[in-house]
Amino acid sequence: MTYVYRFGGGVSDGGKGDKNLLGGKGANLAEMASIGLPVPPGFTISTAMCTRYYEDGEQFPQELRDEVADGIAHIEAVTEKRFGDPENPLLVSVRSGARVSMPGMMDTVLNLGLNDATVEGLAKKAGDERFAWDSYRRFIQMYADVVLELDHGAFEEALEIAKEDNGFTLDTEMTAEDWKALVTVYKGLVEEQWGKPFPQDVHDQLWGAVGAVFGSWQSERAKVYRRLNDIPADWGTAVNVQAMVFGNMGDTSATGVAFTRDPSKGDRAYYGEFLINAQGEDVVAGIRTPQYLTKAAREEANAKPASMEEAMPEVYAELAAVFDQLETHYRDMQDIEFTVEQAKLWMLQTRSGKRTAKAALKIAVDMANEGLITREEAIARVDPAALDQLLHPTLDPNAHRDVLTKGLPASPGAASGKVVFDADAAERAAAAGEAVILVRVETSPEDIHGMHAAKGILTARGGMTSHAAVVARGMGRPCVSGAGSLAIDNKAKLLRVGSREVREGDILTLDGSTGEVMVGAVATVQPELAGDFGTLMEWADQVRRLKVRANAETPLDCRTAREFGAEGVGLCRTEHMFFDSARITAVRQMILASDEAGRRAALAKLLPEQRADFTAIFEVMAGLPVTVRLLDPPLHEFLPQQEAEFAEVATAAGVDVDTLKRRANELHEFNPMLGHRGCRLGVTYPEIYEIQARAIFEAALDVAEKSGEAPIPEVMIPLVATRRELELMKAVVDKAAQAVFAERGKTVEYLVGTMIELPRAALKAGEIAEVGEFFSFGTNDLTQTTLGVSRDDAARFLSAYVEKGIYAKDPFVSLDVEGVGELVSLAAERGRDTRPGIKLGICGEHGGDPASIAFCEQVGLDYVSASPYRVPIARLAAAQAALKAR
Ligand code: PEP
Ligand code: MG
């Protein structure tokens with residue numbers, strides 16, 4: 001078994017394909033060496049050794065000792081230095097390197113190989129005593145901290161005291177003698193804390209460091225990180241031992257970090273920082289302010305100190321050539337560490353660079369256009385969920401944030417405005433041209449007009465599929481929900497978080513992408529929908545199979561959805577139209593009517609209003625399918641609350657207020673979500689569905705006549721559990737259609753189908769498909785009813801479920817593929833058996849979630865439907881799912 005893999009000096013025992021064995025850092029060092037880049041020679045001890053080290057009770061086998069000796073000999077041969085030689089000493093760095101980068105693991109020991117004898121040799125060779133003693137004290141300090149795990153505060157304190165005693169403020173003022181004195185102090189500290197003198201044998205130093213790297217794999221920090229990131233404990237870490245190169249050997253030396261493209265904007269420009277006469281950790285530690293890499297960046301920032309391009313033009317040119325070579329070789333943007341030792345460039349690391357959503361998009365599109373990657377690869381490289389950041393105005397990352405509290409990131413985007421505590425106040429203020437943030441304990445359908453008027457919505461209760469969250473996402477309003485630390489006093493019109501108070505009219509800012517709530521206004525930046533975004537979307541559309549529709553119920557939502565590329569409406573929730581202030585009285589009159597005649601009188605007032613709603617939507621969606629769902633929510637949601645409202649309804653209906661109140665009382669339900677809602681409304685009051693259906697068909701004919709392009713209405717019956725329910729409801733709809741067609745002497749094509757949102761419906765999908773012409777999976781309710789978890793109350797305990805690994809993700813956000821998903825695939829199969837080619841879609845919130853969309857592709861649904869702002873996410877996710885399926 002080989003445990004040691006060499007690299008550098010024309011040798012590469014491994015390569016980039018060996019990440020599992022050599023860790024990310026080791027594999028890439030070997031790869032860089034193999035393509036001829038200047039990599040200081042070294043070797044990697046494999047992750048397999050880490051695993052064996054633990055199996056053997058933390059012992060190093062003789063085999064390893066032999067192989068490491070060969071590895072050291074390799075470095076000695078290439079560098080022409082000797083490990084532990086007092087005349088010409090070889091110094092090495094020792095670094096951990098797991099398969100994936102793991103911050104919090106043991107990091108780096110530099111300058112290993114220095115002792116009281118070799119420090120003199122280094123001084124002589126370098127011709128710089130100060131440099132040698134500075135390196136030695138750095139080594140003792142790092143070794144004591146990282147390997148011996150001694151209290152590093154004592155070392156920092158000793159350095160501070162040394163500077164103070166000399167009257168210095170900067171490390172650079174310390175002389176060789178000063179560093180020498182500090183080394184003595186440091187060695188004393190080691191002996192005092194560790195109980196043994198600082199190891200002088202360079203081999204002891206090396207094995208100590210290797211053991212510490214392996215030991216760090218089982219540190220508490222590493223274990224926590226592994227748990228949070230699903231990294232198996234048996235992966236182990238590799239150890240990289242590499243010849244030191246020095247960026248701190250005077251003014252022709254430097255060290256730096258760089259990206260081959262701008263990781264924040266994605267521009268094709270080298271991006272990075274460097275420091276002259278410094279060692280790697282000086283750049284990271286921020287002790288000195290680093291300088292720009294390029295002249296352009298320096299000029300743009302109006303900075304004085306020369307860029308690397310200006311200060312070291314020749315080495316810079318060499319570095320730029322390496323950047324290009326690495327990008328071409330890895331076919332991705334790289335994050336690089338380098339050192340310049342006396343005008344000679346050395347590469348210390350390369351890896352795929354982390355980037356913002358904006359940069360990811362631009363880099364993917366640019367690289368495809370440059371021919372570096374294919375369009376398919378470009379599609380696969382952008383995280384659909386991250387697109388969210390690009391579709392809404394976002395907070396200026398440079399602006400100051402006074403964070404008041406944090407809730408759930410329920411609907412992305414950012415908004416600032418004056419605080420109001422009720423929907424009417426929101427509407428009034430918005431009409432007066434003011435930007436407002438609507439703050440509620442939780443929202444209900446009667447807050448819709450206020451939510452529409454508000455720039456953002458903040459609630460103290462409710463989860464990711466609470467009313468506020470669903471509606472806000474649908475409207476594209478930023479929303480923070482379930483901010484549990486908010487105490488809202490509606491009477492006093494103020495909210496409290498701890499001892500802080502915010503009153504009506506005060507300004508709050510919401511970040512719907514992080515859940516942060518801030519006091520005061522924070523500047524925002526606008527999204528860019530054309531350009532790279534448009535290009536990637538076009539490419540995605542060319543490969544996806546799933547159609548993408550929108551959940552939309554206003555002409556504005558529909559227009560937004562079409563701009564974002566929606567191919568129809570997958571769910572138009574008609575109840576939201578009922579809350580409009582102009583018609584709520586008629587709606588209440590309908591609900592509170594004691595007989596059919598009373599209901600019909602009220603419905604007659606609603607018919608023209610509904611027809612107008614549908615006409616407006618059909619006009620925007622001309623030629624496209626529009627799924628209109630008939631009334632679904634529990635009726636009590638529409639009931640009057642205040643005296644004035646009761647009086648208004650009483651006048652309209654011609655009955656007395658007391659009778660009305662009694663009737664309202666009768667409508668009370670213990671479990672409204674499982675009560676008189678969905679098609680149960682249509683079963684008991686068919687006239688409601690009849691009038692809604694009539695409005696749909698009249699509107700469809702109107703639009704067909706006017707524009708010549710008929711919409712394709714798909715009338716959808718909610719909350720069906722049995723075939724018979726659907727049969728009854730379909731008869732009502734068909735009868736209304738026949739009546740309208742007879743009156744007009746014209747027809748339009750239409751379908752009648754059902755939502756599958758109850759387990760019984762999923763199980764009996766075969767029978768239901770005898771009647772239903774399409775299925776749309778209402779996975780919000782299907783999740784609620786399958787899991788027996790109330791979607792409105794889940795926020796209180798679901799996070800604990802996710803933390804404890806009971807569900808991998810919030811099942812209301814990402815489909816529970818194993819459970820709810822099984823019902824979906826079974827229903828799809830049984831539906832297709834009965835009615836081959838039956839149209840299948842999904843309209844629950846999961847229709848906009850990339851992981852759930854991948855599942856929809858697998859099951860072979862025809863379309864997904866998502867809120868307008870998630871349509872682009874769905875298009876990209878559908879394309880990625882299609883590519884994966886290929
Ligand atoms: C559903 O239940 O998934 C659905 C889309 O309907 P609603 O969210 O309106 O209950
Ligand atoms: Mg539902």
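A Cβ is built for glycine as well, from the same backbone N, Cα and C atoms used for every other residue.
Just one of ARG503, ARG629, ARG694 is listed by TrEMBL for the same substrate site as ARG573, GLU757, GLY778, THR779, ASN780, ASP781, and that one is ARG629.
For ligand 2, the recorded positions lying close by, meaning a CB under 6 A from one of its atoms, are GLU757, GLY778, ASN780, ASP781; the full candidate list was HIS467, ARG629, GLU757, GLY778, ASN780, ASP781. With DSSP classes pooled into helix, strand and coil, the tally for the domain 'PEP-utilising enzyme mobile' (434-515) is 18 helix, 28 strand, 36 coil. ASN780 (substrate binding site) sits 11 Å from HIS467 (active site, tele-phosphohistidine intermediate), taking the CA atoms of both as reference points. Among the record's substrate binders, ARG573, ARG629, GLU757, GLY778, THR779, ASN780, ASP781, no two C-alpha atoms are more than 15 Å apart, and one pair sits at exactly that spread. Taken as a whole, the domain 'PEP-utilising enzyme mobile' (434-515) shows an average pLDDT of 88 in this prediction. Spatially, by CA atoms, the recorded positions ARG629, GLY778, THR779, ASP781, CYS843 include one closest to HIS467 (active site, tele-phosphohistidine intermediate), and that is ASP781. Most Cβ neighbours within 10 Å, among the binding-site residues THR779, ASN780: THR779 holds that distinction in the structure as shown.
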